[in-house]
C-alpha cells in the first residue's frame with residue numbers, strides 16, 4: 001500500500017525544505033523523506049547546557065544572500081554580526097601579525113604586487129564565466145583541464161603568495177589545489193561575489209549568524225509541514241516506469257507522487273536505484289563529483305580573553321604543522337559562551353581524523369596559545385567538533401567540488417530533469433552555491449519547475465531574482481586606483497627591462513653625439 005501525494009522531496013536539508021515549503025504554500029500535497037533522524041542536512045545545531053546552542057554545520061549568512069535572509073525572516077529568525085571589532089591576526093612562519101580588513105597586509109613590495117595581481121586576475125577570469133553556465137566561458141575547456149595548483153603556479157611568482165592563495169582555496173572549498181578544476185573554482189568564487197566578498201566577515205559571506213542557530217530554518221519549516229516530513233527514511237529506489245513515480249525507502253515504505261525533487265548532494269544519487277536507469281551523462285556525473293573534507297571545531301573558554309588583547313578572534317594561520325587554517329569568534333551575541341571556531345581543512349582533516357578528540361583539542365589549544373600569545377588558550381572549559389567526512393548522508397562538507405575536466409563534460413546535466421525527477425541542492429545554484437543561500441535558490445527553483453510542469457506558472461517565472469534584504473544591505477566591493485593598475489611581478493620586470501634598454505639606448509645616443517664613443 002503506498003502513500004499518495006503530488007510531490008516527494010528527497011532530502012530534508014535547507015534546499016529540500018525550502019522546496020517543500022514553496023510547494024505547500026502553493027497548495028500542493030508534498031512529502032519530505034529524510035534519511036537522518038533530524039532535518040537540516042549540512043546544517044546542524046546542537047543544544048546543551050555548556051554551549052546553549054552551536055552550529056556544527058553551515059552557519060554563516062551575509063549581504064547579497066537575500067533568499068536565505070528573506071526565508072529566515074519569514075520564519076521569525078534574527079541574525080547577529082560575527083565579532084570583528086578588534087584586530088585580526090595573520091600567523092606565518094611562527095610570528096603573529098595583527099591587521100584590520102578582509103586580507104592581511106603584505107610588507108614585501110614584490111609579494112604585494114604578486115598578491116594584488118592574483119586577486120585581480122581571479123576576479124577578472126571569473127567575470128568571463130557565466131554564473132548559470134560555466135561551461136560556456138570562452139576559455140572553458142582550457143581552464144577546466146587545469147587544476148588550481150597549475151593556475152597558481154602560473155600566476156604566483158613568490159612562495160608567500162602561493163601559500164596564501166593555497167590557503168584561500170582550502171578555506172573556500174575544503175579541497176586541495178591539485179584536486180579542483182580551475183574553471184570550477186573560478187566560477188565558484190565569481191558566483192559568491194568575488195574574492196573579497198567570499199572571504200570577508202564584514203560585508204561578506206561570514207558577516208552574520210542566526211540567533212539560536214541555523215538549524216532552526218529547517219526545524220521551523222518542519223513545524224509548518226507537520227507529519228508530511230518523514231525522518232529516518234533513506235530513499236533506495238525511484239521508479240518512473242508507471243503513470244506515477246514510486247519512491248521506496250529503506251524500511252520498505254512506498255510513496256506515490258506525480259513528481260520528485262532530489263535535494264541531496266549529487267554523489268548520494270549512487271545510493272538510489274533508478275527505474276528506468278539514469279541517462280548516461282547523469283549516471284556518470286554522480287560518480288565524478290566528491291565533496292570536500294572538513295572538521296569544524298569549537299573551543300570554549302571562561303571568557304573571550306583574546307578581546308582583552310584587542311584581537312577579535314579571527315586568525316589566518318599558515319603552515320603545514322598548523323591543524324587549523326582559519327578561525328572566527330563564536331561567542332554568543334551577549335558575550336556568553338566565549339568560543340573560537342576553527343576549521344581543519346582538506347588533507348589536514350583526513351590526516352587529523354586519525355587522532356582522538358582529546359588529541360585534536362590539545363593541538364588546537366597549543367596553536368591558539370602561540371598565535372594569540374596567551375596561555376589562557378591552554379585552559380578550555382568545553383569542546384565541540386563535527387567531522388563531516390564520516391557523515392554517510394552528506395559524504396563531506398561544505399559542498400561538492402568538480403575535479404579537472406568534469407564541468408565542461410558533465411556540468412550542463414547538473415540541473416537537467418530526468419523524466420519527472422527535478423534536482424535541487426546547493427550544488428545546483430547559480431548564486432552562492434555551496435552556502436545556505438544557494439540551497440534556498442535551488443530548492444525554490446526546482447519547486448517552480450514542477451509548478452510550471454503542472455501548468456500553474458509560466459516558464460519565465462521559474463527563475464526569479466530576489467530583492468535586496470532591507471535588514472542586511474550590501475555595500476559595494478571597491479578597489480583603489482593602485483590595486484586596479486599596479487603591474488604584476490612579470491609586468492614590473494618587463495617595465496624594468498624596457499627602462500634599462502631605453503636608458504642604455506639614450507645614453508649611447510648622447511655619447512655618440514658628443515663624440516665620446518671611439519671607433520676601434
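In case you wondered, yes, glycine gets a Cβ from its N, Cα and C as well.
Per Swiss-Prot, the stretch carrying the note transmembrane segment among 463-489, 490-516 is 490-516. For residue 52 (N6-acetyllysine), the Cβ neighbour count at a 10 Å cut-off comes to 14, with all displayed protein chains included. If you draw a 10 Å sphere around the CB of residue 365 (site 'Important for catalytic activity'), it holds 20 other CB atoms from the protein chains shown. Averaged over the topological domain 'Cytoplasmic' (2-489), the predicted model has a pLDDT of 98.
The Cβ neighbour count for residue 2 (N-acetylserine), using a 10 Å radius and every protein chain shown, is 13. Residue 156 (site 'Important for catalytic activity') is surrounded by 21 other CB atoms, counting those within 10 A of its CB over all protein chains shown. In sequence order, 50, 51, 300 constitute the residues six or more apart from residue 382 (site 'Important for catalytic activity') in its chain with CB-CB distances below 8 Å.
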